[in-house]
Amino acid sequence: MHDFTAARCERLERQVKELAAFSDSAVGVTRLTFSERYVDALKSLTALATSLGCQVHSDEAGNFHITSAAAQKLGWTVAVGSHIDSVPMGGAYDGVAGVLCGFDLLYSYPEIPITVVIFAEEEGASFAGGLVGSRFTAGKLTAADLEQLLDGNGRSFAEGARRTREAVNVPQLLNTGTPHWRQYLEIHIEQGRVLQDGGARLGVVTDIVGLIQAELIFFGRADHAGTTPMTARSDAGVTAAQFVVDLEELVRQTREKAVGTVGVLEFGPGAANVVPGRARLSLDLRDPDESNLRSLADRVKLRAQALAAQRNQQFTYREELFSAPVPLDQSVVDGLGEAAKQQGIQTQRMVSGAGHDAMMMAGLVPTGMLFIPCLNGVSHSPEEWADVQDLVLAADIMATYLHNAFGLTQ
């Protein structure tokens, strides 16, 4: 069963707090990729890994690979990973929970051959796009791409990775081709409240949603706010506002698992006494089914076009990002569920509404994910919180699965 000993839980609780202290903000956690505090966190984890007999390497993308003593002895490994970079003033558990569960496996199950992988720049807070380290591992970014990828200060991702590797003082991983992992597994906080509301202890992820992000612009006519009658206006702001309301209704009519969000809304020229002549919106659509996602995007464009036509306005739509839905490996999904059943733990199969490094790994090796609940579904916030007993539980279920899948004995 599960070792909820005080020592094990206290160790995890202490490690969460220690990593949270590596922050550039007093409120929440601000630990941007390749920042000084990010490097300090990697130094701490590297020292811990070395004390456990692990080998530590860093690749060209700044991913850290922590290979257990068992993996070194047996000559094969399963990757268990996540990330430690954060959004500005984020929480202490996003990504970190998965990394520390990997370390808990090193402590509690030294016979399992694992590589704890800390992927760089999952969040995309410093370098556009996010999932940079895992995209590199998946072959979707090259070393040349990393040289061209710049942060807000004009520094390249490749430079940051080199500087970090030198600061932490670990050797470079020379083989940067497809990693020789037998599987990839990830533990992550849910970042929603499905588990909390449904009562299951853990979530077994079946799919990661598809995503479309786009920019919409309505073009009306800028006029004086005081002298232009309401009947004579072509207010792009009103059109945009109506679009936001209509989007909610469109998505609700589509299907239960679809979501749509306008997270950015900007008016131009942007003065209190000027009728907006231009309104720019961000659009974020997600669905686990690609055909449904594309169909929803088409209906959204038609609605925007109709709203613009009603007001004699122009309208543009530019798709900025498309990410296809990613099904996780069915045998791993079933195996994780069976491991939980053996331990008498209630799980819920669920779709991840957020992107994770696992979605990049799924094209390389059999991949699975476990979700742990987070209080009230809050994430990317200083209020983010998870129970360390759930971290222990997830690590134990993963260990049971690995023992079953690979015939390991304790």
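In case you wondered, yes, glycine gets a Cβ from its N, Cα and C as well.
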Matching residue for the Zn(2+) 2 site, where TrEMBL names ASP94, HIS380 - out of GLU111, GLU121, GLU123: GLU123
Per TrEMBL, ASP94, HIS188 bind Zn(2+) 1; matching candidate in HIS65, HIS83: HIS83
List the Cα distance (Å, whole number) between GLU123 (Zn(2+) 2 binding site) and HIS83 (Zn(2+) 1 binding site). 9
How many Å lie between the Cα of HIS188 (Zn(2+) 1 binding site) and the Cα of HIS380 (Zn(2+) 2 binding site)? 13
Here are the binding-site residues: HIS83, HIS188, HIS380. Which has the lowest count of other Cβ atoms within 10 Å? HIS380
Any idea what DSSP makes of HIS83 (Zn(2+) 1 binding site), helix, strand or coil? strand
The correct three-state DSSP answer for ASP94 (Zn(2+) 1 binding site) is coil
Cα of HIS380 (Zn(2+) 2 binding site) to Cα of ASP94 (Zn(2+) 1 binding site): how many Å, rounded? 7
Protein Cβ atoms within 10 Å of ASP94 (Zn(2+) 1 binding site), excluding its own: 27
